[in-house]
Structure formats: structure tokens, C-alpha cells
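Structure first, then comments.
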Amino acid sequence: MRTLHDLPAPAKLNLFLHITGRRPDGYHLLQSVFMLIDWCDTLHIELRPDGGISREDMGAGLPADDLCTRAARALQAATGTRQGAHIVLEKSIPAQAGMGGGSSDAATTLLALNRLWGLGLGRTALERIGLSLGADIPFFLRGRNAWVEGIGETIMPLENVHALPQSRFVVVKPEAGLDTKSIFSSPSLERNSERATISGFAAAHYQFGKNVLQPVAETLCPEVSEAIRWLEHKGLQARMTGSGSAVFAQMTHAIDLFDLPTGWRAKVCDNLRLHPLAGWAADED
């Protein structure tokens, strides 16, 4: 096997996002539910026996040292393999959206190279490597919708009685993006949310809680407010995902997207029960 084609890297939505406190080192303590959706980037990876790591963009340009290449190099460093890879990335998930596109690309890269290079690492080992690159990467490696706490390191799959109902969502990405650091450094950010429970979330699901980053984001980026109003005018209840600037709403009825403002992107998405590559790494090392 020398090439892996059409590898999906799905986006996520934060169904709610609360901040319950702050650690002495300054990191915020979060509670959230991460949900996979079928808005995906696509990767194609070819084996390079010379040990080099290269990347080719099909679409919007990315920095040369993006999370895909960093993930590949981190996997090389962790295992000592002398194999390399050429990564072709087809971007579809918007950047600066709060949808985890870069983290998902990195997770798919780790899963694919673990297979292509014949490393045989289990999911726990891959998660350790992923966490060194970004807090959201372990979630995508787990490959299941999850309740997430702490700084992102506590991940509890929502399965069985807590599984998310199958539903359809519309996701809107305004033209403007947002810088995560500017939101978390804002003095007006709510940092004392009451701790939520999984049972409380399960009683309300898509109507539960709020995104405490949203008020700050709306101040920094008025297009977030405009996107929420655009969906509300169509009779849907909208909120922001992650640190924005994308917003989303559960589709309780069909809507038209023909009047989407110039420069915005919108997509109707289904939630996913499992990451398409969820079976590519064993749960135990």
C-alpha cells in the first residue's frame, strides 16, 4: 500500500460551551459537547520512502507548517520511523470558524499515517501525540460525539442512552473570521458558569445551555450577530460554535439559502454518530 485516497476529516460543532473557571497557569476550564458533522475536508496521502514530509493544497492556501505537516513530523519523532509522506489537502471546512478543521485534518493525518507506515499504534498513543499539537485533536481521534471538560483533555463519549439524536443543521460562516486568543483574553468573558451535567444536557440536547464566547465574539465581529439574525429571520434558533465565527441552527424546517450575503458560506449538514475513520486505531495500545 503506497497511497490512501479520499480520507475524510469531519468538522465539529459545539452544542454549548461554558467556562467554569481558570487554572493557575491561565488555561480556562471548559464544559462542552462536541458533535461531528458531515462537512469534511478530504486528504490524499502518498508514501515517501525518502522520509520527507510535503503538502499540497487544493483550494485556499495554508501556511507551510500547518497542523497536517506538524502531525506527520510529530508521528515520525515519536516512533523513529524513516518513512515520509506527501499530503494533498482539499479544504472545505472554513478557517477561523470554530469548527475544528485544522485539528480534524491533523487527526486524519495521524490515523492515516499510522496505517500507511504500518506503525500499529493504539488510539491512546495517537492521542498523546495529538494533544501535544492541539487540545481538540484527541476528540477527533476518539471519533465519537462527546462531553468534553477541563482544557479539552477529559473526553466522555455520548453513547447509548446519552447518544445524540440524529438531526440536520444549517451552518453559516460569515466572511470575517475571529482570533481565539482575543476572545479568551477579553475582560468581559464570562468565566464562572455553573457546572453542567450530562443528564441535564440529555434532557434538552440541542436547546441546552449557551456559548459564553458568543457575546465577546459579537462585539469583536458584528457579522456573527448578523449571521445569527439571518437564521432567526428564517425561524431558526441559532448560536455560535466554538470561538466562531461560524453559527449554526438545528433545522426544524426547510429553509432557502439563496439570499445568503455575498462572501458568506452556508451548508446543510447531518450529524455523525461516528468519525468515518473511527475503526482505524485500536482502543488499547
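Any Cβ shown, glycine's included, is placed from N, Cα and C.
From a predicted model like this one, the values you see are computed outputs, not experimental measurements.
According to its DSSP assignment, Lys12 (active site) is in a strand. With a 10 A radius on its CB, Lys12 (active site) counts 30 other CB atoms from all the protein chains. Annotated active site per Swiss-Prot: Lys12 (among others), in sequence order.
Taking a C-beta cut-off of under 8 Å and a sequence gap of six or more, Pro94 (ATP binding site) has these contacts in its own chain: Gly101, Lys173, Gly177, Ala246, Arg265. Marked as ATP binding site by Swiss-Prot: Pro94, Ala95, Gln96, Ala97, Gly98, Met99, Gly100, Gly101, Gly102, Ser103, Ser104.
Summarising the annotation, Swiss-Prot assigns active site to Asp136 (among others). In the three-state DSSP classification, Asp136 (active site) falls within coil.
In this structure, the CA atom of Asp136 (active site) is 7 Å away from the CA atom of Gly100 (ATP binding site). Spacing of Ser104 (ATP binding site) relative to Lys12 (active site) is 9 Å (Cα to Cα, whole number). With respect to their backbone Cα atoms, Gly102 (ATP binding site) and Lys12 (active site) stand 11 Å from each other.
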